[in-house]
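What TrEMBL says about this protein:
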- C273: active site, nucleophile (ACT_SITE)
- 7-12, D32, R37, 85-89, 126-127, E162, 273-276, R343: NAD(+) binding site (BINDING)
- 329-454: domain 'UDP-glucose/GDP-mannose dehydrogenase C-terminal' (DOMAIN)
Amino acid sequence: MKIACIGAGYVGGPTMAMIAYKCPDIEVVVLDIAQARIDQWNSDKLPIYEPGLDEIVFEARGRNLFFSIDVEKHVGEADIIFISVNTPTKVRGVGAGAAADLTYWESAARTIAKACTSSKIIVEKSTVPVKTAEAVEKVLARNCVDKSIRFDILSNPEFLAEGTAIDDLKKPDRVLIGGRETESGLKAVATLKAVYERWVPSERVITANLWSAELSKLTANAFLAQRISSINAISALCEATGANVKQVSYAIGTDSRIGPKFLNASVGFGGSCFQKDILNLVYICESVGLKEVADYWRSVVTINDYQKDRFVNRMLEAMFNTVSGKRCAIFGFAFKKDTGDTRETPAIDVCHKLMADKAKIACYDPQVTEDQMIRDLSLDPYMWDHPAGQVTPKMTMVKQQFTTCKTAYEAAAGAHCIAIMTEWDEFKTLDYQKLYDGMVKPAYIFDGRNIVDPVKLREIGFVVYGIGQPLDPFVTESAF
Ligand SMILES: NC(=O)C1=CN([C@@H]2O[C@H](COP(=O)(O)OP(=O)(O)OC[C@H]3O[C@@H](n4cnc5c(N)ncnc54)[C@H](O)[C@@H]3O)[C@@H](O)[C@H]2O)C=CC1
Ligand SMILES: O=C(O)[C@H]1O[C@H](OP(=O)(O)OP(=O)(O)OC[C@H]2O[C@@H](n3ccc(=O)[nH]c3=O)[C@H](O)[C@@H]2O)[C@H](O)[C@@H](O)[C@@H]1O
């Protein structure tokens, strides 16, 4: 059996590497139009930082795992073709800022139509609006010259989270496969199911109809993000009342119907998918006339934006309503720990707001390069996922207010405040006395991840703000 995957990104790369690793007899080729990305996959330094990924790729690469830009050749030769291209939020035209941009998706479908001379199973791996499989079927049916060729479209959404991708792929809670409930559709489902059952217990490989599978992915992300927005909304109430959101999370999470996961209040969720997928869900609901449902889900994003605003407002309020010219140390830029991914990271919004108030930012992240940060801060919203989203004139302005540092200590030296944006483990064990000694006084810590101990840091002399934690007396007693 031969598998090809169009799109060698955060999903295509690791998922295909896992299939190749677990099934040495299946040839897996991961394809991309971006030569640079393929070169990185073929090098010693992979394009993605993900714990455990190197071992898997290095074992399978060259054996039965290959990375190539020769898309048409390998698509033509494959039995199963995964499509794992980016499906970003539209930046212009109808549905801009909400609908999914299916340009890359459709171009992948057209490539398949052009390249195929035999019947194939096509697997939607990307997250797509419900009913996208129908659009793919139509593109293939009208473009494939040989009418005897059959395409069976499956939906097999990916549920991995970055930072834990390899564990998630090795031991998934479930694998979901949706297909047409026809004879050939069911056969295609069984073929893909058999691939996963090589390492996933069969009761965890769930099957559904195509539309249920497509919608389940958007719904899963919406539910996960909704939990974060719910606890973040409560964190604001905690700060207003003296309750502690960590205690509230623990108390409610012990109810087995609620469960303890995804209840960490934070500066807001980031990542390439939560916001994009909720906006997409909202757009679909509006398109079918479900305004109330759309409004309900939109509020998850509204609260997330509110949380980021609230965080910066707390910083300003504590620092006498001005950060003009003040050095602000930003600890962490990635959207979560154990990844170098910065897509939709809350750090971007926080830095933008601080820079708008004329702050000087000194940022340290163990995995994110300076180029990446400057690029992120220079792009317009949603542009990061589009190839056109290249250098903008904003870059020069950003560079005047933003520098990167090699260590947390360097970032904090001479700073008025530290803002923790990513929960990297190393931030938990820093020598905070040393950091304090090198800072301007009063020295502040704004913990956007609730990873430091406010009591200990207050003993050192810091003014500490933690999301949803009782406010520091320095702030409550001030005249502001
Ligand atoms: N990043 C994540 O953790 C997860 C992402 N997803 C979904 O998976 C999909 C892919 O996401 P990522 O891997 O993060 O995106 P990505 O941007 O990292 O990778 C997509 C790749 O597809 C390539 N591409 C675009 N059009 C192409 C074409 N016509 N032919 C060949 N290559 C093409 C791009 O050059 C890019 O390298 C999205 O729909 C996303 O919503 C789903 C679960 C998790
Ligand atoms: O479709 C996707 O792209 C993926 O989106 C998320 O995965 P990911 O974005 O990689 O990471 P998460 O662990 O979900 O974290 C997302 C954001 O929420 C934040 N978060 C998470 C949990 C929490 O309790 N509090 C919180 O603020 C994280 O810091 C991060 O910024 C989902 O967890 C995956 O199941 C899904 O496949």
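Backbone N, Cα and C atoms are what each Cβ position is placed from, and that goes for glycine too.
Curation plays no part in TrEMBL annotations; they are all automatic predictions.
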Candidates near ligand 2 among the binding-site residues Y10, N86, Q275, judged by a Cβ under 6 angstroms: none
Alpha-carbon distance [Y10 (NAD(+) binding site); the residue listed as 'active site, nucleophile'] in Å: 12
Close-lying binding-site residues around ligand 1 among Y10, N86, E162, Q275, where CB distance stays under 6 Å: Y10, N86, E162
Secondary structure at Q275 (NAD(+) binding site), reduced by DSSP to three states: helix
Residue distribution over DSSP helix, strand and coil in the domain 'UDP-glucose/GDP-mannose dehydrogenase C-terminal' (329-454): 47 helix, 19 strand, 60 coil
Proximal but sequence-remote residues of the same chain as Q275 (NAD(+) binding site) (Cβ under 8 Å, at least 6 apart): T89, A225, F269, V301, N304, E344
Three-state secondary structure, which DSSP defines for T89 (NAD(+) binding site): strand
Where G7 (NAD(+) binding site) falls in three-state DSSP terms: coil
Intrachain C-beta neighbours of E162 (NAD(+) binding site), sequence separation six or more, cut-off 8 angstroms: Y10, E50, G271, F335, K336, D338, T339, D341
Cβ-Cβ neighbours of N86 (NAD(+) binding site) (radius 10 Å): 23
Proximal but sequence-remote residues of the same chain as G7 (NAD(+) binding site) (Cβ under 8 Å, at least 6 apart): L31, D32, F82, I83, S84, V85, N86, Y104, A108, K125, S126
Number of other Cβ atoms within 10 Å of the Cβ of D32 (NAD(+) binding site) across all protein chains: 23
Average model confidence [pLDDT] within the domain 'UDP-glucose/GDP-mannose dehydrogenase C-terminal' (329-454): 92
Collapsed DSSP category at D32 (NAD(+) binding site): coil
